[in-house]
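Comments concern the structure below.
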Amino acid sequence: MKFVDEATIKVDAGDGGNGVVSFWREKFVAKGGPDGGDGGDGGDVYLEADENLNTLIDYRFNRFYNAERGKNGSGGNCTGKRGEDITLKVPVGTRAIDIDTGEKVAELMTHGMKQMVAKGGWHGLGNTRFKSSVNRAPRQKTLGTKGEVRELRLELLLLADVGMLGLPNAGKSTFIRAVSAAKPKVADYPFTTLIPSLGVVRARGNKSFVVADIPGLIEGAADGAGLGVRFLKHLERCRVLLHVIDILPIDGSDPVQNALTIIDELEQYSEKVAGKPRWLLFNKTDLLLEEEADEKINEILEALAWEDRYFKIAAVSRTGTQELCDELADFMDTLPKEIQTEEEKAANKVDFMWDDYHKDAMSGKDVVTEDDWDDWDDEEDDGHVIYVRD
């Protein structure tokens, strides 16, 4: 199946049903009082994470989704039926962005997680709600509100512990083939990897972690060059980044400049991603003598002023790969779990429409008054009638 990690959809929550103006009619009870019922709420739109899905391809073909409208109220204090909700299944790791506002509406991280993305309209109030000691025959009602309409960009972010980045042909796919059962395509031309791939790595002590291989970056990727930043988003949930550097590029380019290009693109994309723990992997060390490889690596480290961890590997022969994986597994055990701060929770809170609608309605705002009533004498008044046998 084709891998699709981004799709645009339009969701339309159901409108609320209208309240009704009605009066009780019964033999020998000339003035039975108001009995208009409320309308029903409109249906909501939800997203639900499903571990059995791994692509958003279904939403490329069907982009429009509508929840059901609430039914209108009726006489006899009968409330209208609530509109049916609609639930859209998406892969685990999907987030929804409101295209118009840029607001993150939902982020689904675990199987079965369910979040609302569009709220149905509130029900209108019947005239019974407006009855009081000074208003015995209210002719006021409120209309149901419109359901929310949102245009959403669905983004599937891979859930991986370790993310790999580097220029095309740096050896990222070869590395993931060496340390896991994943078999991404490997060839001697740029952009062999066109879609992300995941591999499960087994380390010592029965430890394991997931590594993600994304397509290579080039200069200007943050501005859309090459495959752009479309796949950089998959690094946002990684705990550690592996920056793969080819110490002997086939095109004769400078490894230092290549490394600086990746660092610059990462910082332009996101300060948060750029601030994640990042290790350097010097690949293809088997193409040089050990002394020559060490000399070139030291030159790169000095030029980058690098003081963090680095490893020398040869992915094609698996030299140094197992030691690296063991170190990664131990290092991730020391990392604290990401805890969302109160500020981040407040920033991620989604405000839906109509939260204060009924409070405003009862205060007189948005009230509709039916002025064509003839008090109690109109035989066509939509009143509720009960026939009683003499």
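Yeah, the Cβs are placed from backbone N, Cα and C, and that goes for glycine too.
Copied over from Swiss-Prot:
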DOMAIN    1-159  domain 'Obg'
DOMAIN    160-333  domain 'OBG-type G'
BINDING   166-173, 191-195, 213-216, 283-286, 314-316  GTP binding site
BINDING   Ser173, Thr193  Mg(2+) binding site
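Features recorded in Swiss-Prot, as mapped to the structure shown.
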residue: Gly166; record: GTP binding site; DSSP (3 states): coil
residue: Lys172; record: GTP binding site; DSSP (3 states): helix
residue: Ile195; record: GTP binding site; DSSP (3 states): coil
residue: Pro215; record: GTP binding site; DSSP (3 states): coil
residue: Lys284; record: GTP binding site; DSSP (3 states): coil
residue: Ala314; record: GTP binding site; DSSP (3 states): strand
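Its Cβ taken as reference, Gly166 (GTP binding site) is surrounded by 25 other Cβ atoms within 10 Å in the chains shown. The highest number of surrounding Cβ atoms within 10 Å, among the binding-site residues Asn169, Ser173, is found at Ser173. Across the fold, the C-alpha of Ser173 (Mg(2+) binding site) and the C-alpha of Gly166 (GTP binding site) stand 11 Å from each other. Shown are the binding-site residues Ile195, Ala314; of these, the residue with the fewest other Cβ atoms within 10 Å is Ile195.
Working note on the binding-site residues Lys172, Lys284: by count of other C-beta atoms within 10 Å of each C-beta, Lys172 ranks first. Counting every protein chain shown, 25 other Cβ atoms lie within 10 Å of the Cβ of Pro215 (GTP binding site). Along the domain 'Obg' (1-159), the predicted structure has mean pLDDT 91.
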